[in-house]
């Protein structure tokens, strides 16, 4: 018996050592990714149409009064909102994709899955073509928020409809299929608006749908930052419950986890995150799809680390895409949605082929 107790103690000590080592490695990895994200942020801030050196950029950031007025305008009024919006877009879309994949148990889930992006596109097209907005009756809803506000309200309306239709005991596949159906409905309505729009209106709609950080302003950055600041702590607090939900599905209720409530809350947060970003910058694809898969390949399913690594991967992806959009064609800025699709599609195909869990389904 003494030998058995000694072996059990040795096994427990070995397990504790391995666990501590794993936590340490994942922590170092997360810090490294955040450092890369900071470097990508600075690089995206420096590169642009105006001539701005690294020294000028750092001086303008740390001591704005030490640089001339034109440098301050370029840095703080033009580039900073765009770069911060890239960071927020990466954060919100990546986290929204992770939440959807976790609660829907679907590795291909992202904001497109529930029709959020297509609904936002339809809302924006109504505002661009007909000056119509659901928020016209709301106080403080000015012309500067017409497109952004309408896209945001339509994205929230979509998730509200889906949650209302699935209030009963509806399976995850039914929720996903309803989302796909909603996506096709709004895509068809969007096509109808494009068909009847004038040439100038159609050009504006197409440009918005391609996704662009040029729409970013300090007010819109603040809106997205507030939503991210609300959503991230809520998700982090539920990290353990999300890990159990990801591992055991409905059986996580045995552990005392309110499965349906967590799914509802997480879907609503995902809608807020994706809707806010999409309403500002347009449709940016593959961020919510690729970033969570990369995070799982790096740290597994422990949501305590998966959440942070997903956010870091999303920031790196979007900021590097923003940087590439300014470098591919000299003197022009390509729509960032186009760049993320060009980068994300082949990368995601590689992920699918390498992930046996996806290819074996």
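Every residue gets a Cβ built from N, Cα and C, even glycine.
The transmembrane segment annotation in TrEMBL covers 28-58 (among others).
What TrEMBL records for 78-100 (among others) is transmembrane segment. Long-range Cβ contacts of the transmembrane segment (78-100) within its own chain (Cβ-Cβ under 8 Å, at least 6 residues beyond either end) map to 37, 41, 44-45, 48, 50, 52, 106, 109-111, 113-114, 213-214, 216-218, 220-221, 224-225, 227-228, 231-232, 235, 266-267, 269-271, 273-274, 276-277, 280-281, 284, 287-289, 291-292, 295, 306-307, 310-311, 313-319, 321-322, 336.
Annotation source TrEMBL lists transmembrane segment at 112-133 (among others). If one looks beyond the transmembrane segment (112-133) by at least 6 residues along the same chain, the residues whose Cβ comes under 8 Å of a Cβ in the stretch are 100, 104, 106, 141, 146-155, 157-159, 162, 175-176, 179-187, 189-190, 193-194, 196-198, 201, 204-205, 208-209, 267, 270-271, 274-275, 278-279, 282-283, 285.
Annotation comment: TrEMBL describes 145-165 (among others) as transmembrane segment.
Annotated transmembrane segment per TrEMBL: 177-196 (among others), in sequence order. Counting residues 6+ beyond its ends, the transmembrane segment (177-196) has Cβ neighbours under 8 Å at 112-115, 117-119, 121-122, 125-126, 129-130, 154, 158, 161-162, 165-166, 202, 205-206 in the same chain.
The transmembrane segment feature in TrEMBL is assigned to 225-245 (among others). Through the fold, the transmembrane segment (225-245) approaches residues 84, 88, 91-92, 95, 99, 102-103, 252, 255, 257, 259, 262-263, 265-266, 269, 272-273, 276, 301-304, 307, 311 of its own chain, all at least 6 residues removed from its boundaries and within a Cβ separation under 8 Å.
The transmembrane segment annotation in TrEMBL covers 265-293 (among others).
Sequence-distant contacts of the transmembrane segment (305-325), counting only residues of its own chain at least 6 positions beyond either end whose CB sits under 8 Å from a CB of the stretch, comprise 26-27, 29-30, 33-34, 36-37, 40-41, 43-44, 47, 82-83, 86-87, 89-95, 97-98, 213, 232, 235-236, 239, 284, 287-288, 290-292, 294-296, 298-299, 333-336, 338-340, 343-344. Marked as transmembrane segment by TrEMBL: 305-325 (among others).
Summarising the annotation, TrEMBL assigns transmembrane segment to 331-353 (among others).
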Do any residues of this chain, six or more beyond the ends of the transmembrane segment (331-353), have a C-beta under 8 angstroms from a C-beta of it, and if so which? 49, 86, 207, 209-214, 281-287, 289-290, 293-294, 297, 317-318, 320-322, 324-325, 359
